[in-house]
Amino acid sequence: MPSLSVSLDPAKPLLSVKAGVGEPAPAGVSALQASDPEIAALVAQEKDRQHRTLEMIASENHASHAVMEAQGSCLTNKYAEGYPGKRYYSGCAFHDEVETLAIERAKRLFGCGYANVQPHSGASANLAVQLALFDPGDTFAAIELSDGGHLTHGSPVNLSGKWLNPVTYNLVTDESREDWGHLDYDSVDRVCAEHKPKVLMTGYSAYPRTIDFARFREIADRHGAILWADVAHIAGLIAGGAHPSPFPHCHVVTTTTHKTLRGPRGGMILTDDADLAKRFNSAVFPGTQGGPLMHVIAAKAVAFGEDLQPSFRAYAEQVVANAKRLAGELMDRGYKLASNGTDNHLILVDLRATDPELTGKDAASWLERAGIIANMNTVPNETRSPFKTSGIRLGTPALTTRGLRADDLAEVAGFIDRVLTSRGDAAVIDAVRADVESLCDRFPRLSA
Ligand SMILES: *Cc1c(COP(=O)(O)O)cnc(C)c1O
């Protein structure tokens, strides 16, 4: 383990800040180390953790040093309420240019006419769209949460489920069908016919298959619904040409910028419709947010610039190739995957088929001890609570950024199998941990 250690002794003063604005750090010491050694040490430990573990949480990635540098810049100091050319504060000339670059790059990346790059997160982007499109109590259709949806798509604990009226469609549940575990487009059509939702939502957090946006649009048109795709997970695959585009089919598209897009943590709203674009702009500011995070918007622009490079297309393709190899290797070892495989960056392992006693919670905690970071996840036809679950979700975006290729994923599948069949045995887990660390050491240290 790293030599840096941090005392969380409650008797120690909480604040150990030494330097003020403009006070130079001593040579060889970063400003953060000089000013706040406790936080500096924790950041260093986290950096080390990221290097020594295999990051397989499907929604995570490693942003570039350039993205982090922009995010750590002086742009954090500025209030820029409003939009480029229409600010409420003076001194925004450079911020206007930064935000305009982010918008133009986003539009190019997704081939659409309008982009709002101010949402602080994916959830904030969704909230703004909901404010723009709905009156309280309005009906919208989305997938059942346990089938791979997101909390902001109508969960009873989220504003979308408390103030709106969600109706849900499902995945194909008949295991004898070829398309078991894929979206059940007939159920989408049925729920729209029955409830006439104002909006039909697609886009998921744990769906391993390609989304047929054209088919969604047909259904939306048949029932007079606005079509909204939340592509938070697959945005980078879309940008890199490894998943079909939601345009021109969807009226509105929301996304995060930190998952497969590999940017800073944040959100974004895209559309091709000028009237909707105006409504989304006012719904973000002043509807649901105050001043934009201009340092994050600068980092979004940097990430979009990276995503526009040919190398990003190769990345997106490799993410999918890696996930397919991981899926194949696990299925060869007898594991059951939701939908029997994957088309994208993630897989869902249904643990009940191989070990009826094993919960997703235990599996994720054993894997963590072995240095493999994944999350428990509900699976189709879930029988356990969301706090235990019967599945784990595994993704390849972060490992692919580190440079792992399909053969490395085959090795990782072997590690996962050894952990899951160990019943939590400490000796096995320690041995896998050593193998994980030597695999990590074969790849360059992560920057920043
Ligand atoms: C991750 C995710 C979000 C939320 O993004 P945050 O930045 O965590 O708020 C929204 N929708 C979907 C489908 C997601 O997967």
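Using the three backbone atoms N, Cα and C, a Cβ is placed for every residue, glycine included.
Annotations in TrEMBL come from automatic prediction, not curation.
Per TrEMBL, the features are as follows:
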DOMAIN    32-416  domain 'Serine hydroxymethyltransferase-like'
BINDING   L145, G149, H150, L151, S385, P386, F387  (6S)-5,6,7,8-tetrahydrofolate binding site
SITE      H258  site 'Plays an important role in substrate specificity'
MOD_RES   K259  N6-(pyridoxal phosphate)lysine
Which binding-site residues out of G149, H150, F387 lie by ligand 1, going by a Cβ under 6 Å? H150
Measuring Cα to Cα, how many angstrom lie between P386 ((6S)-5,6,7,8-tetrahydrofolate binding site) and H258 (site 'Plays an important role in substrate specificity')? 24
DSSP-derived structure type at L145 ((6S)-5,6,7,8-tetrahydrofolate binding site), helix or strand or else coil: helix
Just how many other Cβ atoms lie inside 10 Å of the Cβ on H150 ((6S)-5,6,7,8-tetrahydrofolate binding site)? 23
Taking the Cβ of L151 ((6S)-5,6,7,8-tetrahydrofolate binding site) as the reference point, list residues of the same chain whose Cβ is under 8 angstroms away and which are at least six residues distant in sequence. A123, L145, V157, N158, S160
Taking the Cβ of P386 ((6S)-5,6,7,8-tetrahydrofolate binding site) as centre, how many other Cβ atoms lie within 10 Å? 13
All chains considered, the count of other Cβ atoms within 10 Å of the Cβ of S385 ((6S)-5,6,7,8-tetrahydrofolate binding site) is 10
Between the two most separated Cα atoms in L145, G149, H150, L151, S385, P386, F387, the residues recorded as binding (6S)-5,6,7,8-tetrahydrofolate, what distance in Å do you get? 16
Round to a whole number and give the Cα-to-Cα distance in Å for the pair S385 ((6S)-5,6,7,8-tetrahydrofolate binding site) and H258 (site 'Plays an important role in substrate specificity'). 28
Counting every protein chain present, what is the number of Cβ atoms, excluding its own, within 10 Å of the Cβ of G149 ((6S)-5,6,7,8-tetrahydrofolate binding site)? 24
